[in-house]
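This report refers to the structure that appears directly beneath it.
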Amino acid sequence: IWLQIAKAAAKPEVTSSAKGTVQNTKIADKPDTEKNAKKSDSADAKKKAKGDKEAVPEKKAPEKEASDKDKELSVSLLNIQVGLIRKAWKHPSADSLLVEEIDVGEAKVRQVVSGLAKYCSPEDLTNRRVVLITNVKPGKLRDVMSEGLVLCASNEDHTKVEPLLPPEGAKPGECISFSGIDGKPEDVLNPKKKQLEKITPNLFTDEKGVATFKGIPFMTSAGPCTSSIPKASIK
């Protein structure tokens, strides 16, 4: 096609009139120019249409990802309850661990292993109210079964650690609530999803020692859970 156009454009050169040659050449060139312009416009239109189509999923994907991330990080995935330690003793084979029997309003007390031996004595913990996560996957810690996780406040250099304290009047088994946050806890947290690791960085005490998730207090029917350590991390 391009060869035929080239020949057609060359023919006017043998015309006796120079003026005619210029005119004929322009006539021959004009369709190509229009044709190329149409092709360019068509290509631009297709490119724009393609770009518009591709822009839609690219815009929605981050929103969906953000939504999934927020859901993943919601404290509502955790089943956090008030507990009462009925009995506590030193772990038989680990100096840093204590074993507690905790009443969470169930027919049977839960056995929980905690890394509190350096900070609390068994006597300090006996008959003490605590806050614990009850839907962690049960497992053995140094050959002793643990069926929960006692939440503790810690200062920055980890020299002071203490279990969170529910208010007097909060009953064993009562679930901790967070204003404005709804959702059903997981039956059992999946360790592979690292849900707990993603949530705990958002748990801390405020300047008054009130335990919070992103600034929202841990609430019971008798009031918020607290710690004597302000601005502490909770885990």
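The backbone N, Cα and C atoms fix where each Cβ goes, glycine too.
Residues or ranges marked as compositional bias 'Polar residues' by TrEMBL: 14-26.
What TrEMBL records for 27-70 is compositional bias 'Basic and acidic residues'.
In terms of DSSP secondary structure, the domain 'TRNA-binding' (74-177) contains 7 helix, 44 strand, 53 coil. Per TrEMBL, domain 'TRNA-binding' is recorded for 74-177.
Here TrEMBL flags 11-70 as region 'Disordered'.
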As a test of reading the model: what is the averaged pLDDT for the domain 'TRNA-binding' (74-177)?
97
